[in-house]
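J.: Okay, here's the structure, questions in a sec.
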Ligand SMILES: [Zn+2]
C-alpha cells in the first residue's frame, strides 16, 4: 500500500537551524505517468517539483512559487509551480529525452538540463510577483536552488533532492531535504550539519524508497543530531486548470485564430502542466469568438 506524500518542518540543534523534509514519491510518479516521461525527464521534473514544494512551504494563503529551469540541454526547459497548500504541478518541454547514465550510474540530469538560468517567481497575496534569476551552477537542481537562495536571498542552505526511477520507469522513491542554519549559528553547528550530510551512505531517493515512514527517513537523515518536529502537512500533485480557464486562453488568441478553429469544426487544448485534454465544439467556439 502506497503512503500519502508528506512535508514536515522543524528545528534542529537547539534551534540553531531549521529544516524541511518532503517525501514526494507519489507526486513524481503521477507526473511521470501523466506526461509519459523518460527516466531522466522524470528525475529532472521530480527534483524541481520537490524543490518547489520545499520553497513553497514558507508561503501563506494563496501565494505560489514558480521555478523555471531554462537550459540549453535537450529537455528544453523544466517548470514547476508549488503553493502554500502543498500542491505542486509541472512539466518538461521534451518529456522523451533519453541520455546515457553518468559514470556513477546516476541519471544525467545536469546534461539533460544544460547550461542556462534558473528563474524563481513568487506570487504574493497582494497580487505582486517577485522574480529573481541566477545562472545554473550544474543543472543538477539542488545545487542550483542552493545557489539561488544564497545569492538572491542571502540564506545559506544545504539541500538534497532525489528521484529513484526503476527499470520499468516507475518511481520507487523521491524526496527532498533542506537545512538552513539560523543567523548567528556557531561554526561548529554548520560543521556538524555538513559532517552528517557528508556521511549519508545513500542518496535521499534511496533512503525514501527504503523508509517505511517519515519518522524513519527523518531519523536516518539526522543521525546523531538533535531535532524537533514542528509541523506535518500532506502534499500532492494538483493542477489548477479547468475548461473555464482554458477558454480564457482561447479568447486571448484573437478573433482571426478563433475563426480558423470554428472552420475546423472543433478545438482541443492540452494543459501543459497535467496533460489533461479539453475539447471545444463549434457552439462553444462561437461563444469564445464573441468574447474575443
Ligand atoms: Zn492542468
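Cβ atoms here come from the backbone N, Cα and C positions, even for glycine.
Worth saying up front: this structure is predicted, and the values here are computed from it rather than measured.
The disulfide bond annotation in TrEMBL covers 239-241, 271-274.
Mind running through what each feature is packed against?
T.: Sequence-distant neighbours of residue 239 (disulfide bond) (same chain, 6+ residues apart, CB-CB distance under 8 A): 89, 271, 273, 274, 276.
Around the Cβ of residue 274 (disulfide bond), 19 further Cβ atoms fall within 10 Å across all displayed protein chains.
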J.: Would you mind checking how many other C-beta atoms are within 10 angstroms of the C-beta on residue 271 (disulfide bond)?
T.: 19
